[in-house]
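In what follows, a structure is listed as structure tokens, so that the remarks can point back to it.
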Amino acid sequence: MAASVLALFLSVFLALACSTAADFYRDAAITWGEGRGKILEGGRGLSLSLDQTSGSGFQSKNEFMFGRFDMQLKLVPGNSAGTVTTFYLSSQGPGHDEIDFEFLGNSSGNPYTVHTNVYSKGKGDKEQQFRLWFDPTASFHTYSIVWSPNKIIFLVDNSPIRVFNNHGSSGVAFPTNQPMRVYCSLWNADDWATQGGRVKTDWAHAPFTAYYKNFNIGSCAPGTPCATQELDAKARNRLRWVQQKHMVYNYCADSNRFPQGSSLECKRSRF
Ligand SMILES: *[C@@H]1O[C@H](CO)[C@@H](O)[C@H](O)[C@H]1NC(C)=O
């Protein structure tokens, strides 16, 4: 009895202790953009900018096998058409795994598109896109990726917007054996990003700047509470609300692209 209470206490304690506020100086490396990426507020914040010559980006120094990754972002304001701001996880090499948040800019007054995707063993094609229910350029909001052995959860301000389950060997490949790094970038994608590439980047507004802060990394390895976490009723309701009211594209419903029918994880998708 005492031993199991102690074990419970220890596992909760370890889970808490494993969630750490990252310091951009210590935990991240600005990998491209020649001075367009800047660490701010003593390591708590970071800005990326984009001009006609280059975008910029950073990555985590460490690799992770599962985890909960929280990042606060304030996106490029005003006319952000053609720009893409990213926060994603990726492994390296062929047959890579990747879990993406991409924010596609828009012309002034038009909404950003939040693009999500999951690659397993090099295969993506699992896009879901959303509109936000707030202005993501007015203040910081928290975007999270929870990657556990059982599921991937995308969250915005702690509301789940998408769940991608691991259906095991009967299902679609799920990232379980390649460690991933965190990557963030701001770049020009005006050949496709805004309204299908019709709206180009207006360089008169450059440089464009996006802000990141309060990067937090928590463990979601097997044996941690995170790894077995299920959405409660409130979270499931919130997910349903986002998917019904704010989803603008779902690969599961795109029969033009997938005439042979949607893939297994769509049919068996359960919260
Ligand atoms: C930009 O705004 C237009 C008009 O509201 C919308 O159709 C489009 O999906 C938005 N997002 C992007 C990335 O083009």
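Using N, Cα and C of the backbone, Cβ positions are placed for all residues, glycine too.
Fair warning: this is a prediction, and the values are worked out from it, not measured in the lab.
Feature annotation from TrEMBL assigns active site, nucleophile to E98. On its own chain, E98 (active site, nucleophile) has Y88, L89, S90, S91, N117, V118, Y119, G124, P175, M180 as residues at least 6 apart in sequence with a Cβ closer than 8 Å to its own Cβ. The secondary structure of E98 (active site, nucleophile), as reduced to three states from DSSP, is extended strand.
In sequence order, V84, T85, T86, Y88, V114, H115, T116, N117 are the residues of the chain that are 6 or more apart from E102 (active site, proton donor) and have a CB within less than 8 Å of its CB. Summarising the annotation, TrEMBL assigns active site, proton donor to E102.
For 3-212, the entry in TrEMBL reads domain 'GH16'.
Secondary structure from DSSP puts N106 (N-linked glycosylation site) in coil. For N106 (N-linked glycosylation site), the number of other Cβ atoms no farther than 10 Å from its own Cβ, over all displayed protein chains, is 20. Here TrEMBL flags N106 as N-linked glycosylation site.
Per TrEMBL, signal peptide is recorded for 1-22.
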Remark   = Distance filter, Cβ under 6 Å of ligand 1; input recorded positions E98, E102, N106; output N106
Remark   = Rounded mean pLDDT within the domain 'GH16' (3-212) lands at 92
